[in-house]
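Structure record follows, encoded as structure tokens.
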């Protein structure tokens, strides 16, 4: 069957838009679910009201993001069949069970406990509430695990053979789930979610510190988030390096596009920035640092790295897209690392809560994690092209026999609906976030006299303190 | 394990599991879609707050069965997935848009102040549209889909049929009935009175549309007529419509008296009987009149892999979903926390 390039382009545009929009919410909710679970355990074990205030506050933001994730995720599970029928036919034996296991082990776990998490305080014990929060957090993690197993199989297929009709049959489930790139991709994505979550918490807390409100809760959250960031940012960079070297081994064409490397080279330079000209198959205006790419890719001065020209231009991905998305991701990673390190320096000097410029800086970093996640997925998905199953099935041969008009109509509606949703989410989330957590902690005494930390909420706090003590 | 998955009985077992998931979805999500359908008819803001609060802790779990059904179809009966989804492209997409709006209304409605009525409309209209789309899909399934070379071969509007419209309106009535039954059980006072009143209208609509669909299907689709009216099927299947009529009468008489969960339970029974009728009409096809369950099933090794999960995990899932309902048992009160009611 002849499918037009237009139909393929439309189906790709629709999937890229809906999946790109979707990934924002799991990123937020994986990070925040674990943060809320941590807070609920701290509240359960220590009984400090500040942890309860923070738990309730971040739970509300989690709930908003979680809802967005659920509804945009349901879309994807049906879109795959509706827009990508030939892909579904080819891979259903392999990927169908993974999607089913995601629903079975992750979605149901989240859905079964999210009600207790959000509405169950007071109906169940503190310990049971903590357990529900942990189950939701585990559900979010399991979901990521199955989806990334499926995605990794598309990147580095294993454990299955294709028959004459191009339909895959599994020969070894272990190999089909634990493919060559799976552990790296999973670790990189989960760490990205945690890191993004840490900077969201830090940014929102910085806003309240800057405004001088909810000080006890905001200081606790700010400090916690920056400790987490300090561990997660370098970890993420190390994981990214491992993932990159795995890509070099498993998907050399994608890696060459990330590096902007056209010719197979011994001891390749790192191209800091350039304009990759795909028609001419070379870089324009390149700024190179000799041998650096060889050092971090092969860990040797003169290691050989395969270039893009090793395959015909028809088998290359869109190089500028992959090249620039990769630089955006890495650049953001460096900014986040620098912010976390700055926080450490300020902390050691005892100025973590006082430096107002740092509060502005952390507020500015709030959306960066999301941008990095979008850029990172662009690298790995655009870098896989022109294949939908790397090396086996071309994206152009995977679309459904549906009319371009129907795809266009639904794409336009998705675009309108998702933008309305995003605006509504930002509006409501900003309202919750800017209002801040409740202050039920008793005011603390610091160095001189009565600290002003929670002074505006003194009368309320006194009542709550007695309540908490009871 | 893989040898075990090669017998001719195996696809039947998976078909039964798939039917079970669809049934749970229809019954569970029917409950909260139904509350959405009757939502705007409620006279007071307090009623709507209470109605929403009654389904808030459980709607997400209910809707997850839709994802479960879709992924199980892909895993166990891929032919059903890659033929039927393109065949019902537009109703599926519009069902998803509708579910988006009604799903997000749960959170945003409580946050909104001045424009709360917009989210009320989004919730109710979303529930209505999603239900109509499900009806169109159902009707289209009974009518059958055009297939060539193992793939869908129709146009974007070939899903449309009069039968689909009838099914859509019938589902609206049926879900409204389940929703009203749920509200009779979970609420009290004026909200409960409203639920009892709307249950009357829902019973009438459901009964009329079930009769119309049952009459129209055999007229429009000869295979359905042959299935139901050939002997000895006629005698064997007669209890299904008779029992349905009996339950509908019992429903009608029990709305204002008797135990409170009664309307809900009888409404669920009506749906279960309707689904039995559907299975009778469609059996044994995954894709109506083209792909049978035995031809549409996945590889034995794939079935073996998913069987493990279904046997071990599905009972656990059912038990903690039941637990969630149990935690929120009793009459609903409006919550003070959760999605973010201002405190």
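Every residue gets a Cβ built from N, Cα and C, even glycine.
Checked against TrEMBL, the range among B:264-283, B:324-343 recorded as transmembrane segment is B:264-283.
Within the chain, the transmembrane segment (B:117-142) has long-range Cβ neighbours (under 8 A, six or more residues past its boundaries) at 32-37, 39-40, 48, 52, 84, 87-88, 91-92, 94-95, 97-106, 108-109, 159-172, 175, 213, 217, 221, 224, 278, 281-282, 288. Between the transmembrane segment (B:228-252) and the stretches B:12-42, B:88-105, B:162-185, B:197-216, the greatest number of Cβ pairs separated by less than 8 Å involves B:197-216. Cβ atoms under 8 Å from those of the transmembrane segment (B:12-42) belong to residues 48, 51-52, 54-55, 58-59, 61-63, 65-66, 68-69, 72-73, 76-77, 102, 120-121, 123-124, 126-128, 130-131, 172, 174-180, 182-183, 191, 194-195, 198, 202, 264, 268, 271-272, 275, 279, 284, 286, 293, 297, 303, 310, 314 of the same chain, restricted to positions at least 6 beyond its ends.
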